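In what follows, a single structure is set out as structure tokens and then discussed.
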Amino acid sequence: MTKRNDYISWDDYFMGLALLSSKRSKDPSSQVGACIVDSRSNRILSVGYNGLPRFCSDDEYPWTREGDSMETKYFYVVHAELNAILNCRGANLEESRLYTTLFPCNECAKAIIQSGMKQIVYLSDKYSDTDIVKASKRMLTSAGVEFYRFETDIDCLNLNFK
Ligand SMILES: Nc1nc(=O)n([C@H]2C[C@H](O)[C@@H](COP(=O)(O)O)O2)cc1CO
Ligand SMILES: [Zn+2]
């Protein structure tokens, strides 16, 4: 027997983990996932998805996008990228690579830069026209953090639990 050739690439694996993490999100409109990797050893350092902080109930806080700011999700949700940074349990994120299903906002960009990450691989950039993303890209570029869109030959990966 020879080895399998249809195994997934490291990039597919890590973006797949970011996508799988996003499935945990309770946000009805955007489910975002992130995975942080030591790019030299291909070891996973952390994962995260967008959700409320610990001890804040998914059922008691709002999930709406519009209206009184206090009653929208935006004041409360922790972004997937920040959650991944905060979930790293002391791992050194210097020189690491972030896989995220949505381009990071300006606030996450600050945390990415300050934690020493060097690369961002993203799937969607659906808010690219917003000032938030423009500010994010400005800071990331100044800080020398590379970012590039995820590319793959495969459209879909199935997880079969049966
Ligand atoms: N990069 C990001 N990572 C994230 O985790 N989020 C989260 C915040 C919200 O929970 C949701 C965006 O909701 P909406 O504006 O598309 O309905 O995704 C948002 C962005 C966009 O900057
Ligand atoms: Zn963010």
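Cβ from N, Cα, C; glycine included.
The active site, proton donor annotation in TrEMBL covers E81. Summarising the annotation, TrEMBL assigns Zn(2+) binding site to H79, C105, C108. As annotated by TrEMBL, domain 'CMP/dCMP-type deaminase' applies to 9-147.
Distribution of TrEMBL features across the structure.
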residue: H79; record: Zn(2+) binding site; Cβ within 10 Å: 21
residue: E81; record: active site, proton donor; Cβ within 10 Å: 33
residue: C105; record: Zn(2+) binding site; Cβ within 10 Å: 17
residue: C108; record: Zn(2+) binding site; Cβ within 10 Å: 25
DSSP state at C105 (Zn(2+) binding site), helix/strand/coil: coil
Env. residues of Zn(2+) site, Cβ within 8 Å of mean position of H79, C105, C108 Cβ: A80, E81, L82, P104, N106, E107, A109, A111, S136
Helix, strand and coil residues within the domain 'CMP/dCMP-type deaminase' (9-147) as assigned by DSSP: 47 helix, 29 strand, 63 coil
Separation of alpha carbons, E81 (active site, proton donor) and C108 (Zn(2+) binding site) (Å): 6
